[in-house]
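Some notes on the structure that comes next.
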Amino acid sequence: MKFTLSWLREHLAGDYTLDDVTGALNRIGFEVEGVEDKAGKLKGFTIAYVVSAEKHPNADKLRVCMVDTGAGEPVQVVCGAPNARTGMKSVFSPPGTYIPGKDITLGIGSIRGVESRGMLCSAAELQLSEDHDGIIDLPADAPVGATYVDWIGLDDPVVEIAVTPNRADGLGIHGLARDLAAAGVGTLIDKAILPVAGAFPCPVKVTIADDAPCPAFALRLIRGVKNGPSPDWLQAKLRAIGLRPINALVDVTNLLTFDQNRPLHVFDASKVHGDLVVRRARDGETLLALDGKSYTLDASMCVIADDKAVESLAGVMGGEESGCDEATTDVLVESALWEPINIAQTGRKLGLNSDARFRFERGIDPAFTLPGLELATKLILDLCGGEPSEVVLAGAIPDTTRTIPFPLSLTEKLAGLVADDAEQIEVLGKLGFKVAGSSGTVEVVPPSWRGDIEGKADLVEEVVRIIGLDRVPATPFPRDETARQPVLTTLQIRTRKAKRMLATRGMVEAVTWSFVAKASAELFGGGQPELALANPIASDLSDMRPSLLPGLIRSAQANADRGTGDVALFEVGQVFKGDRPQDQFICATGLRRAFAKPAGTGRHWSAKAAPVDAFDAKADALAVLAACGAPVANLQISTDAPSWFHPGRSGSFRLGANVMGHFGELHPALLEALDVEGPLVGFEIVLDRIPEPKAKATRVKPLLDLSPFQPVERDFAFVVARSVAAGDIVKAVAGVDRKLIVAVNVFDVYEGPGIDADKKSVALSVTLQPREKTLTDAEIEAVAGKIVADVAKKTGATLRG
Amino acid sequence: MSVAALPDLAALEAALTADIAAAGDEAALEALRVAALGKKGSVSELLKSLGGMSPEERKTAGPAINGLRDRLNAALAERRTALKAAALARRLETERVDVTLPVREAPAETGRVHPISQVIDELTAIFADMGFAVAEGPDIEDDFHNFTALNFPEGHPAREMHDTFYLPTREDGSRLVLRTHTSPVQVRTMLANKPPIRVICPGRTYRSDSDQTHTPMFHQVEGLVIDKGSHLGHLKWILQEFCKAFFEVENVTMRFRPSFFPFTEPSMEVDIQCDRSRPGEIRFGEGNDWLEILGCGMVHPNVIRNCGLDPDEYQGFAWGMGIDRIAMLKYGMPDLRAFFEADVRWLQHYGFRPLDFPTLAGGLSN
């Protein structure tokens, strides 16, 4: 919403400055988005007298002028304007002036051998109009030396404000003036609007169909008008706020739209066939609107139609066919009320924005429907002459009167603002609220233009914003006594720990989109129809992600394309298995590419470079699981990771049926489908699936139990079928004596010469920790024998010879 | 046996001492020791011979032979020490590494935490200290939690301020949305808990908007207090304390402007004073510029009612701001879109070391 300071002054009397206005607007809820001060840019341009204008000695079309600028001796200026002549007054700019119309800063120049110390200017050069036919020609009484923009009264800043959707009344300058006056800036000028008597009955009848979203529709004919360009003052006003003057009749409607927040419409009566009916559009009906575009309508929309066709899209835009042009002599002026939601939906459906729609969908003052029409009538008669008919009103102006009981103490209770009763009542009164009572709980009737006021909280807001939020003291907020407990949930704590743990492993945290391409979603077990966005922003951001891996894989490839191939990325975030809240899980997911090993990235002199492998991903995953308190020692590893992993180089972590996550090399076919290069290894851990920690009765750690007896370490090398899992051998060993055997470590796995082709050798070191006495050789031999026997029984292994 | 039978002790000593001095390594030295002082060594034999001497003879020969033994032992020890030192010196001469060779950087130094995670941890530290818990909710929301409960009437222009992402229309005509703000978490919190309530709700939010300053996904944090007496003055204080703590400055001048949100009444927007005169840098707590950082207000009575509470009994306030935005402001990150591009060069530069955990005790960004 834009307005000029001078326009505001028509509604707001008093001695106030631009800063007073912008400061107050910000304070009372109309955010100032910009102030355009044309005069400020043109302060260097002054009125000057052309003492003489002689032909340039070396150029036919140039003149050498001696210019009296009002500051000492006349100045020599070379001028090319055809209208430059001795004795005229014009606008002068000295060297050093910025010329906005040419985007140059003037210097002292020599034009065809004659020095020029300044410039005489056209209106275009000042960006005041398009006129660049000659220099500005001023009347003889223009004061030499005065600042030009001040003298012509252009000292009129344009203020642009943001109006919140609840404040339709702020979309009219009169409404803004009312709020400013209440806030102590100026005095509201509230002129009475007198009805203009009709000279004859309106010949056009209006009917509102039963299902039309139109409470009231007022219309009058003015015949015998002389339309044409509107006067300069009106054109200037509209231009100042960015509107294009059309013709006097249309300009009047635009003027009142911004002046009073009262959109109107004018029909050329000669182009209206018969009577008007306000009704729902018929599916497929079309309208060529005033913006020159044709719109296809449907039955959800409301139109104004005559006997032949739709003439106007209600509350949004008029029709081209019945619009007023300079030939219009009889005009029908419409002032109507529309249901805001219908207007909003219509505009949205058609993608059609207009100043009228913007206002009607916010809800305008119903009580101003008829005064608005009277004001328009008066303006049209003033500008175009003519003779008005009586007003016809279809429907009825709704009575929005309501009474809100308002305990004045609520202002302090809700806002912490101490304001006495009289001050509160005065504020409400200045805003147009009627208040009955003077203390305790008063009865408040909001004005007709404040449809947004529903209850007492709204009244507190009115009081607070006008008195000023500055007067609300910042009040210390005591930390309540129950607030000594940890504030994070287990899942939140785990999320934090997982992130920090992975980062300490050299991985970099990415935050990728929650949506991925449908094809990607499908590759990772997603892509269900209920998780596809109805209005995605791009086709590769169309489906809610079932896994964090596709985003990370895409990012890893993008980094590789940028020259960083060895990347280790992770993300801890939400995945979507369905559209219900309980289908959303938090995953910690990581990805390593190429040579981004946990110990360090890329080649290094200290060791031969090896590409990432499944065990890097396993180590990352276990680090997350351990950091999140999962019972890592009890986890089972199964070889049933989902299809996006390499079937032979991947695994799942589980506790019985509870699968907490997967790790491994990514499937070669997946890389091909995603058009990315490997090697890529990754893991995903569902943090929600890690069992909740058991509540601890005490923070005391269990007593440290140290054995005084030496531990004994024995090595075993087993030869076993390649298909046997090392984990099964370890499990068999550990099961021999769970008390005595405290550690089983696999220190070598060998396949190759010396071992049968279908076998492998697995070497373990087993640590025995006696607790009651030192073990005898015989006791050690007995345990070793049982280890060999049990492993043989459970895995078919033999001791390597 | 007579004294005359004793060999020339001086000559023996001279010979042995010379041999010891000439011994080239510890093995040769040990052989000399055995030859002289071993069980059958030459000096040991002499010591044994003392037993067969007369007391007079022993009186002379005893000290002589024992003295010889002691001096030989001393000479052996001295030579052994010298040989050890020489051997160590020779070994050290050969044991050299090029200490200028680079070592692997500690993984904890190369890993990074995303600025969004870091800032969420900072927010949590600040608000936990004021007694706020952290609440979360689903990204896929229904119309009730995202709009209706929050006092957005169907068709109201305020709904249009949110460029909503929709999921497909379901059989019953309803359609789920990607939450356009984290306010539905407030609704869920109020529906599930009895006041007093103090929570912050950080999380992902979505709007179908994409340009230099908008991404279709972004992060918000909202705060909610519901009890029987908390008012705008408390809200002002909390926000002031928050801004000082978060931006780590002594003072922040804030400007509260009345505004409009469907879910609060009264509503305000908050600007903070700053200095933007240096290109690419914003300083808080000084300067002549204002920067909008958040929206807030008293929870609308309709919202309180929609969440099953009586607005005449309970009241409170809420605020919301963009996590990405305040992260950009605090740490001078110019482009929002870079947050979600996972460019490791950006993440390495703007991300945080994993051990730099923000605490109030140690300074949020130490």
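Heads up, the Cβ atoms here are built off N, Cα and C, so glycines get one too.
Residues or ranges marked as Mg(2+) binding site in TrEMBL: A:ASP452, A:ASP458, A:GLU461, A:GLU462. Within its own chain, A:ASP452 (Mg(2+) binding site) has A:ASN166, A:ARG167, A:ALA168, A:GLY363, A:ASP458 as residues 6 or more apart in sequence whose C-beta sits under 8 angstroms from its own.
Per TrEMBL, domain 'TRNA-binding' is recorded for A:39-149.
For A:399-474, the entry in TrEMBL reads domain 'B5'. Helix first, then strand, then coil: DSSP counts for the domain 'B5' (A:399-474) stand at 31 helix, 12 strand, 33 coil.
The domain 'FDX-ACB' feature in TrEMBL is assigned to A:707-800. Under DSSP, the residues of the domain 'FDX-ACB' (A:707-800) split into helix, strand and coil as follows: 28 helix, 32 strand, 34 coil.
Sparsest Cβ environment among the binding-site residues A:ASP458, A:GLU461, A:GLU462 (other Cβ atoms counted within 10 Å): A:ASP458.
Summarising model confidence by region, the domain 'B5' (A:399-474) averages a pLDDT of 96. Sorting the domain 'TRNA-binding' (A:39-149) by DSSP state (H, G, I as helix; E, B as strand; all else coil) yields 5 helix, 40 strand, 66 coil.
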